[in-house]
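Working notes for the structure below.
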Amino acid sequence: MIDPQLLRKDIAAVQARLATRKFQLDVEKFNTLESERKSLQTRTEELQAKRNQLAKAIGMKKGKGEDAAAEMAEASQINVDMESGAARLSVLQAEIADFLMGIPNLPDESVPAGKDETENKEVKVWGEQPMFDFEIKDHVDLGGPLGLDFEVAAKISGSRFVVLKGPIARLHRALAQFMIDTHATHHGYQEVYAPYMVNAASMRGTGQLPKFEEDLFKVPRQMGGEDEGGEAKTENFYLIPTAEVPVTNLVRDEIVNADTLPLKFVAHTPCFRSEAGSYGRDVRGMIRQHQFDKVELVQITKPEHSMQALEELTGHAERILELLELPYRKVLLCTGDMGFGSTKTYDLEVWVPSQNAYREISSCSSMGDFQARRMQARFKAGQGKPELLHTLNGSGLAVGRALVALIENKQLVDGSIAIPKALQPYLGGLETLKPN
């Protein structure tokens, strides 16, 4: 959530910055809500002052033995008016909060302006695209003999699911373990095991709710008893779309000791996404699934360190690609292609030979204080006043897409897969992965 004071100070400037994100700020609605809020607060203060005056007058009259009935009647009416005003103010503040919840983050000044992904800025290219002297296969054809099975997954669950068996399941597990170990041992992250289902407050904290509910898998749970309408009481849980949600929420409603910052967490979880807006896209293979594994990096920092932390976190994700010997490029997203809560984002795109294209394998973002304000996540130095933290997150990496890139880039003429040296210890020293 952006700072409401920015809207109150210079709403035109905020409107202009949001327009670069293709977001049209409803200035009229905010001004209407804000005008009523100010009016109610002013009226409440006036009534409070009047009530205080009447209380003194009533006390003086009673002290003198005089009749204070008129003043008491007026004070009673003021109490009624104040209760009514407080009720309306509470509703109004909730409406303002809902309005603010729907506004995306403001882009950092270093982010290039642009309408969509065609105007993103390539900032780095690493590695050489492999040259093959045989007709290459895509990961679906390569993966079949290695244990990749979409047919049985469709029978069990439907489209956009996969079953991994045998050699390819082992490779998938090895990739995740390699990523976790590298980040925990060499990059200084604390490993976290977190819930795969979270409550609505956690989803609101990181920005998935209310805007992106259709992209989530909701799991209602009956709590027992009935609500006021006679319906069974239920509580909604959500399957996590990314470990960013539970891990970032570790600091929700907390005041962190400044001396402990930065906090650096890594988690390996399955991720669940409905892909509501992706009909017809990437229908073949593992690129876009309802369930996929990801190793997620999260950093919690002081405001003055967040941009430096973004470079560091992105570098940690890049290191995984380099150790896996996978060609990639690093792209700075323009304002029109950024995620809802991001103030600055780098995408890492890995080379996929069968598509003759780079495909996203990691997105690394600084959220500034956007999530922290929603979560009331703060830090405190000494006897100072609590301040909002800055939060960052990134994939380090998406395991399924790493698997796709690895078997396609490292394929051999006989259908076996050359294993990068860094990954060999996780596969018992295997140099090549062969079909059963």
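Cβ atoms are placed via backbone N, Cα and C, with glycine included.
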Site-mate of THR242, ALA243, GLU244, SER395 for L-serine in Swiss-Prot, selected among GLU191, GLU296, GLU304, GLU349: GLU296
Quick one: Cα separation, ALA243 (L-serine binding site) versus GLU275 (ATP binding site), in Å? 17
Binding-site residues GLU244, GLU296, SER395: which have a Cα within 10 Å of ARG273 (ATP binding site)? none
Within the same chain, and leaving aside THR242, ALA243, GLU244, GLU296, SER395, name every residue whose CB is within 8 angstroms of the centroid of the CB atoms belonging to the recorded L-serine site, in sequence order. VAL245, VAL247, ALA267, THR269, CYS271, LYS294, VAL295, LEU297, VAL298, ASN393, GLY394
Which one is it, among the binding-site residues GLU275, GLU360, SER363, that lies nearest to GLU296 (L-serine binding site) by Cα separation? SER363
